[in-house]
Amino acid sequence: MKKQRNLRSMAAQAVEQVVEQGQSLSNILPPLQQKVSDKDKALLQELCFGVLRTLSQLDWLINKLMARPMTGKQRTVHYLIMVGLYQLLYTRIPPHAALAETVEGAVAIKRPQLKGLINGVLRQFQRQQEELLAEFNASDACYLHPSWLLKRLQKAYPEQWQSIVEANNQRPPMWLRVNRTHHSRDSWLALLDEAGMKGFPHADYPDAVRLETPAPVHVLPGFEEGWVTVQDASAQGCMAWLAPQNGEHILDLCAAPGGKTTHILEVAPEAQVVAVDIDEQRLSRVYDNLKRLGMKATVKQGDGRYPSQWCGEQQFDRILLDAPCSATGVIRRHPDIKWLRRDRDIPELAQLQSEILDAIWPHLKSGGTLIYATCSVLPEENSLQIKAFLQRTADAELCETGTPEQPGKQNLPGAEEGDGFFYAKLIKK
């Protein structure tokens, strides 16, 4: 039996690690969830994701409610108060229970002397909630995005930035990819229906299913047997452009965690696939996905800027480059991105993408296809990146995705209920 732990203090410490230390929630949360009971796993996730989604609002409220900020060793208390405010604002947890558990969190973080302070701040919010929220909603903080990102979105999308921001602040739907080597989408949907769940097929992507209500993977029919994989609809769109064929040599570059690697093999089971990623730790997830789906690929650790180190002079029929990016298209799925990224990261990422594109292009066969993809919505990483590449690369030709002046296809967050995603299809003359 799991030891009873204070979930509010655990959430506060996790959020603090993201905001103050720049750690990714996807690395922090799973080990924490192993320490709590199954019924508490979902609440811990809700508290962490929710606080990060609404962080700027909670921070704004604390600055109004407290004379001076908590600093030094007491900084965790700042995040504990955030957890308390989030519960009062956004959950169905009875206010008395939210207050009691949050105040007790002070004991768990060894700050019992601050229980009175935490209780006082949260009760003050309850008394002043209406006036405070009215003032907040009239401020720029109401968009729940850092100012640098808001400015970039406003510049890139003067007519659409508000809808992008709104989509980023929503809870994401759960999309699945049916493994066509096991089941047709319709036959798997019938199994889902028998299991008491409902799913909806995507209009354009033949393997994509949206669950009516997100569910743990272990309850999905045949998940452990590889019948279905969790993957957003926009990410599944890569295969429509890549169009892999049996017998081809295909490179999946920046492949971890392996969702697109396995999708290639579902579409073309006899393709010779090489999956490469710079992060050796994340490559373990590629192996896990291949094993669960019963598939084989050559998996290598390597830097996309130096392909000769891991593939020599080899050339490929098709290359999928899912480039390292700001991930500004998947904020609704990973709200910590808003607080992990900095404005200065964007030109650095654009430079890295440019170097990888230039380095990998010679490894594409004449007549071959390269799909450049990101989960970003920023032009510097997307259309401007491809426009510059086409201008300096004489044997590269844009195909089916946009125009030379506005290259690529940009999906915005929430469009057709998918994530923000960019694709450009390039052919080597």
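Cβ atoms are placed via backbone N, Cα and C, with glycine included.
The S-adenosyl-L-methionine binding site annotation in Swiss-Prot covers Cys254, Ala255, Ala256, Pro257, Gly258, Gly259, Lys260, Asp277, Asp303, Asp322, and the record cites sequence analysis as its basis. Residues annotated as active site, nucleophile in Swiss-Prot, with sequence analysis given as evidence: Cys375.
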Over the residue list Cys254, Ala255, Ala256, Pro257, Gly258, Gly259, Lys260, Asp277, Asp303, Asp322, recorded for S-adenosyl-L-methionine, what is the maximum interresidue Cα distance in Å?
19
Please identify, from the recorded positions Cys254, Ala256, Cys375, the residue with the sparsest Cβ neighbourhood, meaning fewest other Cβ atoms within 10 angstroms.
Cys254
Relative to the Cβ of Gly258 (S-adenosyl-L-methionine binding site), which residues of the same chain, six or more apart in sequence, are found under 8 Å away?
Ala275, Arg285, Val286, Tyr287, Asp288, Asn289, Leu290
Any same-chain residues 6+ apart from Asp303 (S-adenosyl-L-methionine binding site) with CB under 8 Å of its CB? Would you list them in sequence order, or say none?
Ile278, Gln309
Ten-angstrom check, please: count other Cβ atoms within 10 Å of the Cβ of Lys260 (S-adenosyl-L-methionine binding site), all chains counted.
24
